[in-house]
Amino acid sequence: MKSLQIICLLFIFVARGSCRSCEICHNVGNDCGYDYVEECHSPEDQCGKVFLEISSAPLSIRSIHRNCFSSSLCKLEHFDVNTGQETYLRGRIHCCDEEKCEGRPFPGLPLSHPNGYVCPGVLGLFSEDSSESEAACKGDETKCINIVGYRKERFPGDIAYNIKGCVSSCPELRLSNRTHEERRNDLIKVECRDAVKITPSE
């Protein structure tokens, strides 16, 4: 069941998309098994390629997405969220002006140790409210991120998600404009704050 949730979660972050045509594909793994070209709709005005990875020791699953993206999403470029319990959600975004964008592969996870900061940690799917645990921040992770939203699909319907964890910096994410496109990824909460420093007990 956990593996199924991880695979589903990989697909909900990529919203569909100015008169531009881009290559479209969604696949688990590092390569697209199929693709087709589709005209984009405003505000998704750039072609892009996204690698997503959820690693939850010892399981690691990657997916690839080529699609139409908004310029605001393209500016994000990459993200790494430590949701606790040795689980990471990672993404690499590359946009271009051509139908088929080629991005750089994932770097390996850095070897880092807890730095004394903590954040609430959640990697939840199918619900905006999920039980949270404490995420021990590592390396240069000193910020806490909280993202809640849903992916609207014709089938199986709206997929809610809730993500909390440690990040090294606050991403430039904005709440979605719900006035466009029938199939979309809607952010309904984006919060980022300083992590809490744990004082060692004497």
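Every residue, even glycine, has its Cβ placed from backbone N, Cα and C.
Source: prediction; values computed, not measured.
Noted from Swiss-Prot: Cys47 is disulfide-bonded to Cys22, selected from Cys22, Cys25, Cys68, Cys74. Candidates considered were Cys74, Cys101; the recorded disulfide partner of Cys96 in Swiss-Prot is Cys101. Recorded disulfide link (Swiss-Prot): Cys170 to Cys192, out of the candidates Cys144, Cys192.
Reported as a whole number, the C-alpha separation between Cys119 (disulfide bond) and Cys166 (disulfide bond) equals 6 Å. Within 10 Å of Cys137 (disulfide bond), judged by CA to CA distance, lie the following disulfide-bonded residues from the set Cys68, Cys101, Cys144: Cys144. Comparing the disulfide-bonded residues Cys32, Cys144 by how many other C-beta atoms lie within 10 angstroms of each C-beta, the top residue is Cys144. In sequence order, the disulfide-bonded residues near Cys96 (disulfide bond) (Cα within 10 Å of its Cα) are Cys47, Cys74, drawn from Cys25, Cys47, Cys74, Cys144, Cys166, Cys192. Of all Cβ atoms in the shown protein chains, 16 besides its own fall within 10 Å of the Cβ of Cys25 (disulfide bond). Cys166 (disulfide bond) has Cys144 nearby among the disulfide-bonded residues Cys22, Cys25, Cys32, Cys68, Cys95, Cys144, counting only those with a Cα within 10 angstroms of its own Cα.
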